Structures are given as structure tokens and as C-alpha cells.
């Protein structure tokens, strides 16, 4: 037991004598929990956005009736359920908003008062919105005789899986580049390999850029396997320009590889390196709308969220895959991703250390 005691004491001393490890082990989890907690809990009154099709019978009156019925039936935000925000849209605009994750549910009413709810039944949020709204409308005192029907949105581009796949592709590129580039640099520094390389007549920029091209080859293979699987199993949508998708893919790889170079430019231990990579990847996975729309976050943070590298890549790929976007639509995101990459590449090369 005495041997175990001394060994444990030695390992604990190694742990708390490294400030970086202390920060990533104790301070960072608290900080990230606080930031994400504020993002999710201080966004004010939660809103459920639904689209009222403009070809409905008296669409403006239907929108007003929806708001009133929701409050009367379930108490609205007094029970923590938030508010219903109906928007009168043409069907084409409503479908586009659905593809972007801005709404989950479409409502149409005919002249006889029959309601048609259109949504993807595989989307849990859409199911929730339907149950809340149908209960509110059909139990309202003035609509007891109303009937409703469901129209399943299961065509390409309107399903939840079509929203999910482009985001998963972008997230895969981010994780592959940050772990493959940043972590490899840290591991080589820990094994003293970088110190040996520093003795060779090798350009620092050429050395770090080699990681980008290596990782690009890997992500191409990974993405081809992923897309082959999703196209085969889910028959997911692709309506846009293949050239635009390739351009977004390349610029996204460049941006994330350069961020990986910056992350791995100085860290000397696996604990610090693990914390740095997670500090970059985890917030973006939560905030960038990979699994659900980021439109529900407070308006004040949306400009920042929209310009995160993962958001730019995911939104652009999603527009190309399910909205039919072309090269012109992708240029802004591609230029911004290149700019992000150049900034982090310059900073990473400047502070890079061989040992």
C-alpha cells in the first residue's frame, strides 16, 4: 500500500504543477457550461414558428386564431411553453424556410374550416409543434367542429435527414482536421520529433501546410464513404451545383486545417492539447445548427453564430444540397472561410514552436 500511496502522490503532483492541465480540467468545463447554459436559458420567451400558407381561407385570421387558441388551451408561456409565432407565407417560401430549419410545421385551412398540417413525422420538434398546435386549435371553443388531416413531408429536401446530412458532413471535416492536424502536431512535439525536424533546412510554412494536404486526402475518402452510405440508405437530396459543393468542401477543409495548425502550434502535453481541441469543436457543434436550427438562440448572438466556420460550411452545404444553390450563392461563405484560414495560418506559423 505504501508503494501505491507514493505513486499516487507523484502523479497528483505532476498534475497540479502543470497550469494548463489545471485550467482544462477544472476551469474550462465550468466556463463552457456557464456559456452554453446562458445561451439556452436566457433567450427570453421560447418561440414556436409555424407557417400559415397564404392560399388558405383567410390566412391572416387563421394566424390570429392560432395565437389566441394556443394561449387559451395550454396557457402559453405561463406554463413555460413559450409562444406560437405564425407567419403567413406562400407555399414555396414556407418550404424553403422548412429546409433551412426556420420552421417545422405548415398549416393550411380550406373554406370549410378543415385544417391540413404538413410536417416531417421523423422530426421530433415537428411532432411536438403539431401536437401543441392541433390540440390548441381543435379544442378552441369556436373550432369544436373543425377536422384536421396530416400531410407527410417525406419528399427529398423536406425531410429532417436532408437537413442533417450536410451538417454532419461539415462536422466530420471539422473533427477530422482539428484532431488530425492539431493533435498530430502536439503528439510529434511530445515525442521530440519536431525538434529533430527543426535541424533540417525545412520551411516552417511548407511543413505545416503539408498537414493540410494530407488531411484533405483523408477527408475526401471519409466524406465519399459517408455520402455513399447516406445516398444509398436514405436517398438524401442533392439539387445544387457539384462544383459549388466541392468549392465549399475545399475551403472548409482549409479553414479547419489552419485552425488545427494554430491549436497545435505550442501545446506540449496531451491534456492541454485535448482541452484546446475540445474548446474549439464542442461549442461549434452545439451552436452551429448541425442537429437543430440555431435561429432559436438570442438575436444578439446570431451574427456571431452565423459566421462561425462550422456554421458557414454547414449552411452553404445545406443550401447546395437541398435548396439548389450554385457557385454564386456559395462565394461569400467560401471567401470568408479562406479568410479565417489565412488568419489562423498566419498566427499559427508565427507562434509555432519546434520543441
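Backbone N, Cα and C atoms are what each Cβ position is placed from, and that goes for glycine too.
Automatic prediction, not curation, is the source of TrEMBL annotations.
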Correct range for transmembrane segment (source TrEMBL, candidates 243-263, 306-326): 243-263
Any contact, the transmembrane segment (163-186) to the transmembrane segment (330-352), with at least 3 Cβ pairs under 8 A: no
